[in-house]
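Participant: According to TrEMBL, the record shows the following:
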DOMAIN    100-195  domain 'Fibronectin type-III'
DOMAIN    200-301  domain 'Fibronectin type-III'
REGION    299-321  region 'Disordered'
COMPBIAS  309-321  compositional bias 'Low complexity'
Amino acid sequence: SVSSFELLMTDPVLRMGSNLTASCWVHPDLGVHASSLFWTLNGQQLPSSLYRVLSPTNLSVTLAGLNASKQKSGDNLVCHNHKGHILAGSCLYVGMPPEKPVNLTCWSRNTKDLTCSWAPGGKGETNISTQYTLKYKLRWYGKEKECEDYTHAQPYSCSITRDLHLFTPYEIWVEASNQLGRATSDVITLDILDVVTTDPPSGVTVSRVGQLEDQLSVRWEAPPALKDFLFQAKYQIRYRLEDSQDWKVMDDVGNQTSCRLAGLRPGTVYFVQVRCNPVGIYGSRKAGIWSEWSHPTAASTPHSERLTSGSCDSKSSGDSNSTLRRELKQFFGWVRKHAYGCSSMSMKLYDQWRVLMQKSHKARNQVGSSRG
């Protein structure tokens, strides 16, 4: 397409690939001939082969196949006299109409708001100012409304913070528009209760399990904002070594608010985090959305067992401790193989077996002492 304009009158918005002809007029009383004028684009002088003297007071320039604007404030096309003084100028805005926005996703934090995010369609850049508007309405009888809170830190997102309705589906979509066109995303339908996420679990503590060198106990509290809601929470734990960035995730914690980590390295600092998924709020059948991870909490496992001070028979004591440790590890290996994750049943069984073994070990020592 070909566009033309007087520099003194307009700042044009043009589609990429367009051709442009601009004209610069000078007043006859100035005694300046058009052939002495020249043009610059963003400070760079344009070659005279692009010029055409239309009259003694009128010089035009033609730009073919315009590229996208290099900056959102537009490209500066300027007409100068022979001394370089500016006679007139204009901003060119060269870009593309928006494509259909994609990846529209919404979530509700503790049912108190509804935040949606999306991505621009196509390559994502129109090179000119483009407005995105999130629109919504109740599915069957609602009036169309526009989201107003675009202050969210994430680009291409908006939060609806008032007049929210539970148990009623919403229809939500995004409209993109600029001076070259407009486009609308697909409409999504959702119930707020199906897209709830929570604050991370609070009060996360990590502590040792007595002197068991390969275990740590993790406890936490359910998200307080949902304490009055009827729902079944799921939790995940992840942990890593102090000097590592590789997290190990435990997916099968269930809905309990404590868990024991086993098979850890003795004498080692671990960082632990917990997150929550609110499943089935008020009977919703949809899978919830995982919260952010809690702030990392650190704790260390005990160092490997040392010989008991004051022992009379260091050799037999060391052998006995070594045997007990080996039996404990063998049993716990069996527990981990036949149980899953944070099964309270397996932990209880292990503790009972551990006490029994310690009593048996003590009895054997007493028998050995009486024989001596």
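Yeah, the Cβs are placed from backbone N, Cα and C, and that goes for glycine too.
Mind mapping these onto the model and telling me what they sit next to?
Facilitator: Note on the domain 'Fibronectin type-III' (200-301): mean pLDDT across this stretch is 87.
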Participant: For the domain 'Fibronectin type-III' (100-195), what does DSSP give as the number of helix, strand and coil residues?
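Facilitator: Residue counts for the domain 'Fibronectin type-III' (100-195) by secondary structure: 3 helix, 45 strand, 48 coil.
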Participant: Mind tallying the domain 'Fibronectin type-III' (200-301) by DSSP state, helix then strand then coil?
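Facilitator: Summed by class, the stretch gives 6 helix, 49 strand, 47 coil.
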